[in-house]
Amino acid sequence: MKNILQSTECLEDQQNVSIRPNLLDEFIGQSSVVNNLKIFINAAYTRKEPMDHVLLYGPPGLGKTTLAHIIAKELKVNFRSTAGPLLSKAGDLAAILTNLQAKDILFIDEIHRLNRNIEEILYSAMEDFCLDIIVGEGCGARTLRVDLPKFTLVGATTRIGLLSNPLRDRFGIPIHLEFYSTEELIKVIQRAAKVIKTDISDSGAQEISLRARGTPRIALRLLRRIRDFIEVTEHNKTITDTFADKALLRLGIDKLGLDRQDIQYLKFIHDSNNPTGIDTISSGLSEDTGNIEETIEPYLIKINFIQRTPRGRVITQKAISYLKEQSYI
């Protein structure tokens with residue numbers, strides 16, 4: 001029997017648990033988001049009411065799961081976690097909802113992957129805090145309404161466009177997470193280095209931040225890998241910019257944070273000489289379209305290396321110049 005309340009986090013996020021901030025005051029970056037959340041949380045706590053439903057959306061690795069945990073801790077309520085793909089039947093969701101307590105946080109990761117039948121059950125649960133269950137079959141079928149405790153649903157998605165309008169509109173607090181600045185990532189890296197007891201110079205932290213694609217999860221992953229290198233190969237245990245650069249090059253991460261997958265993607269579009277559709281790119285690279293749209297493209301769009309047009313993806317002159325400069329083409 002599957003566990004629909006099992007951890008929804010990838011192994012990488014589980015490794016980051018010891019580094020994860022527990023309170024909003026410890027959370028680095030996303031300052032406007034943090035400031036607004038403090039208001040919403042304090043208001044709900046003061047009124048002794050459940051917080052309104054929250055939708056966290058943005059590229060992977062920016063702290064959606066971390067913020068969901070923090071909301072529960074700040075409100076001093078229970079945290080329940082599941083994921084859209086785990087909820088395949090109406091009974092799966094009903095089992096979770098009927099076991100919630102008042103003001104609990106229910107976190108649904110990858111909420112865009114809920115099937116429509118499950119979504120429809122959520123409508124009344126979110127709006128009226130009730131669950132309509134059909135009992136019996138055929139002419140003898142009847143609807144049984146079950147009252148639910150007033151809870152807070154926190155949904156997380158990397159693809160908000162895949163959410164239906166009725167579901168999206170039921171979230172009273174939509175929150176968009178942005179890519180991090182270099183300065184913010186440096187703080188993330190320095191804080192993490194202290195937690196994992198690794199010495200790092202300011203220049204070393206900056207070198208990692210410049211290649212972390214504006215994403216804390218990537219910054220922490222690179223920090224751990226560089227720590228592996230320095231513990232095995234160096235007597236001086238301080239991560240400097242020079243050592244970080246050498247280690248990252250060995251990992252196949254260039255000075256902009258691009259890896260082999262990114263370069264293959266850019267070269268494929270460049271060699272096509274025309275706007276290229278996502279399905280064509282997926283077929284040519286043997287990559288899932290979802291992975292391309294969620295993992296590869298957001299950062300390339302941010303740094304103005306590609307553009308999405310109605311006719312397909314187009315590589316920019318800035319990207320072409322970079323590919324030539326680095327001898328990729």
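Note that Cβ sites are derived from N, Cα and C of the backbone, with glycine treated the same way.
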Legend entry - Which of Arg116, Arg168, Arg170, Arg227 belongs with Ile19, Arg20, Gly61, Lys64, Thr65, Thr66, Glu127, Asp128, Phe129, Tyr180, Arg217 in the ATP site listed by Swiss-Prot: Arg170
Inset, instruction - Could you put numbers on the helix, strand and coil content of the region 'Small ATPAse domain (RuvB-S)' (181-252), residue by residue per DSSP? - result: 51 helix, 2 strand, 19 coil
Legend entry - Fewest other Cβ within 10 angstroms of its own Cβ, chosen from the binding-site residues Arg308, Arg313: Arg308
Inset, instruction - Find the longest CA to CA distance in the recorded ATP-binding set Ile19, Arg20, Gly61, Lys64, Thr65, Thr66, Glu127, Asp128, Phe129, Arg170, Tyr180, Arg217; express it in Å as a whole number. - result: 38
Inset, instruction - List nothing but the one residue from Ile19, Thr65, Glu127, Phe129, Tyr180 whose Cβ has the fewest other Cβ atoms within 10 Å; the candidates are the binding-site residues. - result: Glu127
Inset, instruction - Look up Thr65 (ATP binding site) in the DSSP assignment and report helix, strand or coil. - result: helix
Inset, instruction - Please work out the number of neighbouring Cβ atoms within 10 Å of the Cβ of Gly61 (ATP binding site), leaving out its own Cβ. - result: 26
